[in-house]
Amino acid sequence: MSLEEVLDEIRREVTPDPEERELVEGFARRILSEVRDRLKERDPDAEVELIGSVARDTWLPGASDVDVFCVFPKDRDLDEIVEVTLEVGREAIEALGGEAREEYAHHPYIGGEVEHRGRTFEVDVVPCYDTEPGEVITPVDRTPHHNRYVEEHLEDTVEARLLKAFVKAIDAYGAEVRVKGFSGYLCELLAIHYGSFEEVLREAVRTWRPGFVIDLEGFVGEVYEDYDEVRETFEDQDPALIVLDPVDPERNVAAALSRRQLTRFILAARAFLGDPSPEFFRGRKPEPVSGEKVRDWFERNPTHVVAIEVRLPDEVEDIYWPQLEKTARSLSRVLENEGFEVRRWHVMRDSEEEHGYVLLEFEHGKLPELEWRVGPSGWVREDRVRGFVRAHGRFWVEEDGKLATRAERKFVRPEDLLGRLEGADRQTLLSHGFGKDLARSSEGEVRLLSAEELAELADRDPELGKALAEFMRGDPLSELVRDRL
C-alpha cells in the first residue's frame with residue numbers, strides 16, 4: 001500500500017462515527033451538567049469546563065476518559081476549592097450511578113467510574129484557578145488554557161488523531177512515569193506545529209535529537225535570547241525534546257518524554273515512511289508467556305538472570321514506579337562496584353499492585369574467586385601505602401610504580417550480594433538504594449526468586465506474563481521495524 005492509501009484507511013479508523021460521537025459527547029454533557037448544578041449552589045462565581053481530548057475533539061474511538069475542571073476565582077483558598085470540588089465531584093459521579101474515589105496529583109481531586117450505555121467512563125473532577133496565560137497558582141491552572149490554544153490553532157483534528165494512534169500502537173502514549181511517552185497535549189502541539197501527521201514523522205527522522213527545541217510561539221528571541229539559553233533553562237530535566245508550552249514559556253511540554261521513547265518513535269517513524277503499513281497503528285502487544293515457556297527460556301538462556309521480589313507501598317503508580325526503577329539502577333551500581341557487569345535491568349509489577357519485581361541480567365553468573373587489586377604508587381602519602389600493605393600483606397610493584405595484589409573476592413555470584421537483602425530491615429534496603437517508600441513497605445519482605453517461581457507467577461498473573469514476554473523476547477517494536485529499516 002502507498003503512504004496515502006494507508007493514511008486514508010487509518011483516517012477512517014481513528015475518526016469516531018456519529019453513533020459513538022453521540023455516546024461520548026452525550027455522556028460528557030451529562031457529567032458536566034451534574035457537576036455544574038452542584039458547583040453553582042456552593043460557589044456561584046465558579047465555572048465548569050470540559051477539558052482534554054473529548055473537549056478538543058481529538059479523542060480516539062473507544063475513548064473512555066472525561067475530565068471536568070471546576071474553575072474558581074483566584075481569591076479562593078486552595079483548601080476551600082479542593083473541598084468543594086471533592087464534594088460536588090463525588091455527588092455528581094454517584095448521581096449517575098458511578099463509584100467515586102479521592103485521588104491525588106498536585107492536590108486532591110475526585111476520580112470515578114460511570115457506566116453509560118454499555119461503556120465504562122473514567123471521570124476526573126479537578127479544581128483549578130481562573131488565571132491568565134502564563135500565570136500559575138497550581139500546576140493544573142494551565143490546562144484550560146491548553147484547551148483554548150488547541151481549539152484555536154489545530155486546523156485538522158484527524159492529524160492529531162493519527163499521531164495519537166501511532167504513538168499508542170508503539171506503546172509510547174502517555175506522560176505517566178511508567179510510560180514516559182507523548183502526552184495527548186504534546187501530540188496535539190506537534191500536529192499544530194508541523195501541520196500534518198506525515199510531516200511530524202518526516203521532521204522527527206530528519207531533525208529530532210536529544211535537546212532539540214520546538215518553539216510554536218516564537219519565544220526564542222523574545223523570552224529567550226537564543227536556543228542555547230532554552231537548553232540551559234531545562235538542562236536539569238536532561239530532556240529528550242524541549243517543546244515550549246505556548247501558554248507558559250517556562251514549561252517543557254515534553255519533560256516526561258524519555259530518550260528511550262524518543263528513539264523508539266524515530267525508529268518507528270523511519271520504518272513507517274520507508275514501508276507504510278496499517279500495522280503501525282494497530283500495535284503488537286506481547287501475549288502473556290506461559291510458565292512452561294519461562295522454564296524453557298531460563299534453561300536455554302546463555303546469560304544469567306536474578307529476579308528480586310519486593311512489596312509495593314500503598315501509593316499510586318506515579319509514586320512507587322520511579323522508586324522501583326531507582327532501586328534497579330542502584331542495585332546495578334552496587335553490583336558493578338563489586339565487579340559484576342549488569343547488561344540490563346527490567347522492572348514489573350503484578351496486576352494487584354502488591355508486589356514489584358526487579359530482573360537483573362548478567363553476561364556471566366560467576367566471577368573468578370580471586371580479584372586483582374591495584375593500590376597507590378609507592379611515593380604517595382605514607383598512610384595510603386601503609387593501609388594497602390597492612391590490608392593485603394603480599395604485593396608486587398607494577399611497572400608504573402603502583403602496588404598491586406590479588407585477593408579473595410567477597411562476592412563470587414550476584415546472589416551472594418543480593419541475598420543480603422532477603423528479610424533485610426529498612427535501613428539495609430535504603431543503604432542499597434531502595435526508594436524510601438519501597439524500603440518501608442519491603443522491610444523483611446524481599447525475596448530472590450528462582451526460575452520456577454517466576455514460571456508459576458507467569459501462569460498465575462497475565463500482567464506478569466506480558467512483562468516477562470517483553471523481557472524474554474525484546475521490545476515488540478523490533479518485530480515491526482526489523483525488516484523495514
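The first residue you see is number 1, and the count goes up from there.
Heads up, the Cβ atoms here are built off N, Cα and C, so glycines get one too.
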The Mg(2+) site in Swiss-Prot lists ASP65, ASP67. Which one of ASP8, ASP124, ASP130 belongs there according to the record? ASP124
Three-state secondary structure, which DSSP defines for ASP65 (Mg(2+) binding site): strand
The largest Cα to Cα distance in Å among the residues SER53, ARG56, HIS146, LYS164, TYR173, listed in the record as binding CTP, is 18
What's the CA to CA span in angstrom from SER53 (ATP binding site) over to ASP65 (Mg(2+) binding site)? 8
Neighbours of the Mg(2+) site ASP65, ASP67, ASP124: Cβ within 8 Å of the Cβ centroid, same chain, sequence order. ILE51, GLY52, VAL66, VAL68, GLY111, GLU122, VAL123, VAL126
Fewest other C-beta atoms within 10 angstroms of its own C-beta: which of the binding-site residues ASP65, ASP67, ASP124 fits that? ASP65
Minimum Cα separation from TYR173 (ATP binding site), reported as the residue among binding-site residues ASP65, ASP67, ASP124 that achieves it: ASP65
CB neighbours within 10 A of LYS164 (ATP binding site), counting all protein chains shown, number 25
